[in-house]
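The annotation active site, proton acceptor is assigned in Swiss-Prot to LYS175, HIS294. Residues annotated as substrate binding site in Swiss-Prot: ASN123, THR173, LYS177, ARG295, HIS327, SER379. Sequence annotations record features per position, and here Swiss-Prot assigns Mg(2+) binding site to LYS201, ASP203, GLU204. Per Swiss-Prot, N-acetylproline is recorded for PRO3, and the stated evidence type is sequence analysis. According to Swiss-Prot, the feature N6,N6,N6-trimethyllysine maps to LYS14, an assignment based on sequence analysis. The N6-carboxylysine annotation in Swiss-Prot covers LYS201 and is backed by sequence analysis. The site 'Transition state stabilizer' annotation in Swiss-Prot covers LYS334 and is backed by sequence analysis.
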Amino acid sequence: MSPKTETKASVGFKAGVKDYRLTYYTPEYETKETDILAAFRVTPQPGVPPEEAGAAVAAESSTGTWTTVWTDGLTSLDRYKGRCYHIEPVAGEENQYIAYVAYPLDLFEEGSVTNMFTSIVGNVFGFKALRALRLEDLRIPPAYSKTFQGPPHGIQVERDKLNKYGRPLLGCTIKPKLGLSAKNYGRAVYECLRGGLDFTKDDENVNSQPFMRWRDRFVFCAEAIYKAQAETGEIKGHYLNATAGTCEEMIKRAVFARELGVPIVMHDYLTGGFTANTSLAHYCRDNGLLLHIHRAMHAVIDRQRNHGMHFRVLAKALRMSGGDHIHAGTVVGKLEGERDVTLGFVDLLRDDFIEKDRSRGIYFTQDWVSMPGVLPVASGGIHVWHMPALTEIFGDDSVLQFGGGTLGHPWGNAPGAVANRVALEACVQARNEGRDLAREGNEVIREASKWSPELAAACEVWREIKFEFEAMDVL
């Protein structure tokens, strides 16, 4: 046993309080392949050494409590305790550190994101010895990730279901988000799908309100999907939001969607909760439904640089819990997303193996083994002039979603959809011909607009629209 650590079983029980670092700070520890590793941004209270702060995080998120207890002698703390094994200062920040913590795999229930988060971030964030605490990243070992189903279907299976290859998928959120009747809502869905979109979407707060009950919305949207499919010869879908007040009601809505024969449903995974989300993901795999995930409430958790949890952790958790799409920012639109950081967690969503890369905020090498990938969804304040940048940034395996950028077209919903489809096809063709979309993107759009009056009108409406604010989420 290391001389720098001690357990109550080895030294005998002595009542009282002692420093966490005596037991939970273990700089000589060599991490195991089966450990869950965490990187915390720690801001200690004045006078608290970083080693004590890091050890406190390890203790309070695993086996520790505020005082010694005699029942510690009934177990093996060296087997079950979290360990702060490395601390490094944050460059350019005063009294701020990255504390690396290793957790033994046996601390966590198999297949439960809920249990994992309850342990790692459930209680320690209110600890008085810390001014602020942020979970920056997690390394999920294959021994744990293999206990999860993951996404219901994944990227390749979705493409096969939709018979759509070689380009990003195109979507639209129906607006106004609240207040439409079910029939008028279905009309907007039909017009957008008929104009060339692959998907339309319920907004995250469309559930089952007095102005539009869920069953009515589902029926009219299904009618719109089938009509648009018959007229275009393409497979279409609408993200029917199954989020509800109870898990039982959520599954009932998903069952009805399956009975209607539609291809995809939707869930607000943070407000709905990980237990509900995992249940829905299992139902979707068993019944052939794709699952679109909205991240409503994420900025409450991830936007502050010094406290909370980075979205890359929420993205990893979603891949484990299950979802085929998830909103991931745009880099260029109205919602938060710095390019390198955004592409870092986009790769964590899509790829099988991601190398450690601190320049993109990736603290650990992550091996997902054979877990299916998740399509990132770019949505929020984007329009046709953004299409070249979005195509270049996100690549083919993505969903580009234009709400106001479709329904705000001066000629109506269907022309708005036409404009976006023409712009996307032009950008994909230009890229495939070897043109540089980052440099020539505007010219590509101008050339395409000569052959599409719908695109020309969209270009005129949105030529001056920009969202130029400094990103909060930077390295």
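In case you wondered, yes, glycine gets a Cβ from its N, Cα and C as well.
On the structure: features taken from Swiss-Prot.
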residue	record	Cβ neighbours (10 Å)
ASN123	substrate binding site	12
THR173	substrate binding site	24
LYS175	active site, proton acceptor	16
LYS177	substrate binding site	13
ASP203	Mg(2+) binding site	18
GLU204	Mg(2+) binding site	21
HIS294	active site, proton acceptor	28
ARG295	substrate binding site	23
HIS327	substrate binding site	21
SER379	substrate binding site	25
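Note on LYS201 (Mg(2+) binding site): other Cβ atoms within 10 Å of its Cβ, all shown chains, come to 28. Spatial neighbours are here defined as Cα atoms within 10 angstroms of one another, and by that definition the neighbours of GLU204 (Mg(2+) binding site) among the binding-site residues ARG295, HIS327, SER379 are ARG295.
In the three-state DSSP scheme, ASP203 (Mg(2+) binding site) is classed as coil.
The record assigns ASN123, THR173, LYS177, ARG295, HIS327, SER379 to the substrate binding site, and the maximum Cα to Cα distance across that set is 36 Å. According to DSSP, HIS294 (active site, proton acceptor) sits within a strand segment. Each residue contributes its Cα atom, and for LYS201 (Mg(2+) binding site) and THR173 (substrate binding site) those atoms are 5 Å apart. The Mg(2+) site, placed at the center of the C-beta atoms of LYS201, ASP203, GLU204, has further neighbours from the same chain whose C-beta lies within 8 angstroms: THR173, ILE174, LYS177, ASP202, ASN205, VAL206, TYR239, ASN241, MET266, HIS294. Proximity to HIS327 (substrate binding site), judged by a C-alpha distance within 10 Å, picks out HIS294 from the recorded positions LYS175, ASP203, HIS294. DSSP assigns ASN123 (substrate binding site) to coil in the three-state reduction, outside any helix or strand. Looking at ASP203 (Mg(2+) binding site) and THR173 (substrate binding site), their Cα atoms lie 6 Å from each other.
HIS327 (substrate binding site) falls within a strand when secondary structure is assigned with DSSP. Under DSSP, THR173 (substrate binding site) is assigned to a strand (E or B) in the three-state scheme.
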